[in-house]
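Asker: Before I ask anything, let me first share the structure, which is written out below as structure tokens.
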Amino acid sequence: MKPSMMRSACQLLRRRSYSSTSGQPERKVAILGAAGGIGQPLALLMKLNPLVSSLSLYDIAGTPGVAADISHINTPALAKGFMGEDQLKEALEGSDVVIIPAGVPRKPGMTRDDLFNINAGIVKNLATAIAKYCPNALVNMISNPVNSTVPIAAEVFKKAGTYDEKRLFGVTTLDVVRAKTFYAGKANVPVTDVNVPVVGGHAGITILPLFSQATPATNALSHEDIKALTKRTQDGGTEVVEAKAGKGSATLSMAYAGAVFADACLKGLNGVPDIVECSYVQSTVTELPFFASKVKLGKNGVEEVLGLGELSDFEKEGLENLKGELKSSIEKGIKFANEN
Ligand SMILES: NC(=O)c1ccc[n+]([C@@H]2O[C@H](COP(=O)([O-])OP(=O)(O)OC[C@H]3O[C@@H](n4cnc5c(N)ncnc54)[C@H](O)[C@@H]3O)[C@@H](O)[C@H]2O)c1
């Protein structure tokens with residue numbers, strides 16, 4: 001190639017990469033609970049995400065410091081802190097994705113449901129503000145118990161007349177992250193190649209990893225191995241709660257999982273094809289109104305809720321066993337939202 005042709009080819013390439021960057025839609029992401037154990041590392045990861053142009057960090061305390069710190073990182077996302085309810089409007093307005101890790105975490109001996117009394121009220125208030133200030137945002141609910149907080153948010157949005165089932169997600173990505181890690185270790189396959197769907201809900205036995213569909217497939221695992229992997233995935237959160245011995249629950253792995261899920265939502269919004277993640281959403285996959293399964297993400301949020309695929313007998317049994325608990329957690333959330 002002549003040097004002049006080479007130069008114009010390089011210029012074209014430069015122009016293309018420049019125009020594809022500037023042509024990317026501006027995206028605002030808000031994190032509610034941004035000064036917490038999950039909120040801070042999640043804020044860091046979202047500040048590093050090139051799809052984010054504006055990062056809004058909201059909490060009832062501590063966000064000026066977190067925002068000042070994060071805003072010095074030389075990535076394009078513009079980070080701003082907001083503290084207290086009178087700044088919630090500004091924090092939320094114009095948001096494309098709102099991530100909610102606000103609320104108290106577990107201590108040893110507690111179940112996720114024990115958090116209900118405190119977190120249900122927090123989620124209800126935040127959902128009310130979302131309905132008012134950014135009703136079109138995709139909501140990524142991290143606050144536990146997710147099995148109930150998602151139905152609470154749905155009820156609040158219904159009452160406000162803003163509910164769109166395509167835009168409300170319970171974040172169950174950490175269950176998938178754990179299932180992938182534990183499977184890779186046991187099956188001795190490269191962890192970055194592993195995929196494992198996790199369905200059901202996000203607490204104890206409602207977490208149902210489908211190791212029969214794990215890829216790369218292996219026949220190195222016995223039924224006992226699968227049972228043990230399933231139990232470890234279901235108890236993964238408790239493993240961390242006990243190891244932290246009173247200092248909270250998973251924060252770093254949760255921030256990673258939250259960032260993976262928010263990135264998938266942003267890619268879907270931007271029209272990137274074939275984005276699929278497991279999430280706890282309004283569903284007709286089973287008779288339960290909310291259920292986690294693989295979800296295809298698109299320009300409006302949920303594009304398609306995918307079915308369960310073929311289950312092993314062990315998974316079929318797990319599915320039947322989880323329905324009672326999941327049903328009552330959903331009903332508890334709906335009741336709370338309508339009575340309080
Ligand atoms: N979905 C999951 O897989 C998963 C995993 C781990 C933890 N969690 C849940 O995430 C939540 C947060 O955990 P954490 O370890 O970050 O807790 P944390 O206590 O460290 O942080 C929570 C933050 O929420 C803030 N907050 C409280 N009330 C608020 C309100 N009304 N508005 C805005 N912010 C408010 C607090 O000030 C605090 O900064 C807990 O409910 C926990 O159970 C979910």
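If you go along the chain as it appears here, the first residue is 1 and each next one adds 1.
Backbone N, Cα and C atoms are what each Cβ position is placed from, and that goes for glycine too.
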Asker: Per TrEMBL, which one of ASP59, ASP235, ASP263 shares the NAD(+) site with GLY33, ALA34, ALA35, GLY36, GLY37, ILE38, GLY39, ASN119, ILE142, SER143, ASN144, MET254?
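Answerer: The one candidate that TrEMBL places in that NAD(+) site: ASP59.
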Asker: State the mean pLDDT for the domain 'Lactate/malate dehydrogenase C-terminal' (172-336).
Answerer: 97
Asker: List the residues of the same chain that sit at least 6 positions away from ASN144 (substrate binding site) in sequence and have their Cβ under 8 Å from its Cβ, in sequence order, or write 'none'.
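Answerer: Sequence-distant Cβ neighbours: GLY103, PRO105, ARG106, ARG112, LEU115, ASN119, HIS202, ALA203.
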Asker: Could you give the Cα-Cα distance between ARG178 (substrate binding site) and MET254 (NAD(+) binding site), in whole Å?
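Answerer: Between the alpha carbons of ARG178 (substrate binding site) and MET254 (NAD(+) binding site) there are 10 Å.
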Asker: I need the neighbours of the substrate site defined by ARG106, ARG112, ASN144, ARG178. Which other residues of that chain put their C-beta within 8 angstroms of the C-beta centroid, in sequence order?
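Answerer: Once ARG106, ARG112, ASN144, ARG178 are set aside, the remaining close residues are PRO105, PRO145, HIS202, ALA203, GLY237, THR238, VAL241, SER249, ALA250.
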Asker: Using a 10 Å radius around its CB, how many other CB atoms surround GLY37 (NAD(+) binding site)?
Answerer: 19
Asker: So if I take the binding-site residues (GLY33, ASN144, ARG178, MET254) and measure from each Cβ to the nearest atom of ligand 1, which come out below 6 Å?
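Answerer: Passing the 6 Å Cβ check against ligand 1: GLY33, ASN144, MET254.
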Asker: Taking the Cβ of GLY39 (NAD(+) binding site) as the centre, how many other Cβ atoms fall within a 10 Å radius?
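Answerer: Here the count is 27.
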